[in-house]
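Copied from TrEMBL, the annotated features are:
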- 188, 189, 190, 191, 192, 193, 194, 195: ATP binding site (BINDING)
- 909-922: compositional bias 'Basic and acidic residues' (COMPBIAS)
- 923-933: compositional bias 'Polar residues' (COMPBIAS)
- 41-91: domain 'Myosin N-terminal SH3-like' (DOMAIN)
- 95-799: domain 'Myosin motor' (DOMAIN)
- 1-30: region 'Disordered' (REGION)
- 677-699: region 'Actin-binding' (REGION)
- 909-939: region 'Disordered' (REGION)
């Protein structure tokens, strides 16, 4: 489903809504004749089982108890079936319905018929209640252009036909509106189109959430670069992590969780990619008609002659690790894809030195496979008669060829407290080389992901919310399956359990928690028994725990592991011990997608992931800085340090290797993967999940072909019908009281009194005013629950109300502006009329002699008038001056008078003081006179 080009917006819109694919093959369900319409009107048309079509149409002729006589529509053959085998047919108006939850008759036949009719019409996306189903078309469709992106931008789900863009838009709007992290989970079998739809999600979000059109100039440049890099990360990861398999030409051989961070305004501010379980064994070995990772073929086909010489490259058939040689992929050019990969790396900010160093490591991985060993005649010791490939390898990796050869053939191992050199057998040397090749490629891939994350991470602007997109390897069922398939299927089992838990368990638990009258429905889709069989640590231990346990025993083998597993889990309902002869499957597990046969060859080795730490240390000390950086964590490799004296067997001679957190504590591949998966599931549970169920229509990768039984099996195991059923029976839409009141009070403006009222009462009054049927809603303890479609209808009513309000406001504003503009125009018109009158009068008078005389005399009159005005002004000025003089004189006299008054007052005060003093002196004289007289008398 790669991105096509061409097609106008109108053409594509018609394609999306009515179908534009090729007509379907002739079948019983393709076209309804007039007779069929009449038959259905009498409720006589039904679906009956068909070996070829899954189900085919028939008309009821007679009903007898539990048996029904029907006549097949195509061949007019009469058949007698049990009543349980007959399924009702929907009215013709439901043909190609966009949401299968709208079907009046919900059954397997109707769902299959609807998907088939839409698929043959090029309508690959179909809603199934709360999630979406997509059927891989195996061809390009013109529905992923930028014009289509713009059509879905800002639209609600029910406003546009089903599309991955509608799912992306709904998640994006929900994140902005509810401030809740979102996840988009693309699930399905290998080859169902998960990776392609993941790319479309990223394409849509990068377009609608791009901020390069707003903000400052510096921010524009940074934002535009970020979105470009986000889009270019996929081609790089696909080149290094995808490969051609029997089921899929571009199969993801690793899982990835892409976290796109957004700021509060909804713009992308960064991204991060987490990867899971790279199938590194594909780098050294592939099944028939399959390829290793794309980058190997791209490099061999697209490198220039100069690059080929620098990297010591040969042809594809010269490398042992490319077991199938150069297998082409239909419709793909490895040379062109190599150019695209290198261009993407340049956009991502990879330097030329980094790109060349990565290609050197790719070439070195191929050279690992060309190193061959022989067994010496007299003993089992391995030797390397031709070291040409080793020399090329060491040249590319920057290490000494003699030290490398010694580390492979006679590595130093720890025996007791001492290190000794131990000669290796041919099998041990071959295993060491393959393990190093796998580890080298895995470390390169991890470095690549880290480098991409460094380019996408914008730490200076932390994201407020994120949307996570999960693209993980689909469920795989081969003839014989190994450890990698167990991990992949274990992951898909957990994801399906998340889907079941979210859709069926959590949904009904919330109904009960909110006090809604609801009878709990058990859909029988609990996958926990199978998950426990794989991951349970004890009582009894599961597959991974038993595998880890066996890795601790030096003499343990894959056979002892199978025997232990059969003894511990023999009675488990999901486990079957194989009764086939040796060489076939060792045991089987009943997964949700079916029974899977597993062959336990090399499971202990794959789980321990042992490495020759002699070579690892050598690579860490490489003269090539890039190689040394890849192997900088060499101290975390256990390698030979844990081998006991003489207790090694076969390729496990390198000991129980893995990652070590503490001394004596090992981390196996199974443990690490289980922990990373647990962390991923915790992240997903903290988001609002949006599910996209990808369906593979056929195993031949042919466009326009749909295998009904294959599709039915996927619909059954994915819980599609159950998801539709609970969506119809339950209340999938819910909204808290406060938000309901805040959002929809505009529809009931007079329903709630102005006084205080709690949220539940207010919501009940609003619902009463809306006159909703009681069957369409339930009021819980903190939320209002609605049937599917009710909230969408309220949103439409709200939009109409808001639109009407906005239109009235715009009308008033436009009226005000129009009146203001009209008044201005009136003033301009009046001025123009005055100017016109003056011009008209001037044109009449300009040739009149008296006017000419007037124009000549007028300046003289003007001078005379000016002289008179000057005289008047001078007289007025003189009067003003006289008045000013009088005012100044008056002011001076007033000041003089005020000064004299003050002086007079001062003298009067002084006079009064002197009079008082005189009176006082007079009294004193009288007193003295009296005293003198009295003294005279006494004398």
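Cβ from N, Cα, C; glycine included.
Remember, TrEMBL labels are computer predictions, not curated facts.
Distribution of TrEMBL features across the structure.
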{"residue": "188", "record": "ATP binding site", "Cβ contacts under 8 Å, 6 or more apart": "194, 474, 475, 693, 694, 695, 696, 714, 718"}
{"residue": "189", "record": "ATP binding site", "Cβ contacts under 8 Å, 6 or more apart": "247, 474, 475, 476, 593, 694, 696, 714"}
{"residue": "190", "record": "ATP binding site", "Cβ contacts under 8 Å, 6 or more apart": "245, 247, 248, 251, 473, 474, 475, 476, 696"}
{"residue": "191", "record": "ATP binding site", "Cβ contacts under 8 Å, 6 or more apart": "136, 245, 247, 248, 251, 474, 696, 699, 701"}
{"residue": "192", "record": "ATP binding site", "Cβ contacts under 8 Å, 6 or more apart": "136, 474, 694, 695, 696"}
{"residue": "195", "record": "ATP binding site", "Cβ contacts under 8 Å, 6 or more apart": "186, 238, 242, 250, 252, 471"}
Residues close to ATP site centre defined by 188, 189, 190, 191, 192, 193, 194, 195, Cβ within 8 Å: 136, 186, 248, 474, 694, 696
Helix-strand-coil residue split for the compositional bias 'Polar residues' (923-933), DSSP-based: 11 helix, 0 strand, 0 coil
C-beta crowding around residue 194 (ATP binding site), within 10 angstroms: 27
Averaged pLDDT, computed only over the residues in the region 'Actin-binding' (677-699): 92
Within the domain 'Myosin N-terminal SH3-like' (41-91), residues counted as helix, strand or coil by DSSP: 4 helix, 30 strand, 17 coil
Within the region 'Actin-binding' (677-699), residues counted as helix, strand or coil by DSSP: 9 helix, 8 strand, 6 coil
Three-state secondary structure, which DSSP defines for residue 195 (ATP binding site): helix
Secondary-structure category, per DSSP, in which residue 190 (ATP binding site) falls: coil
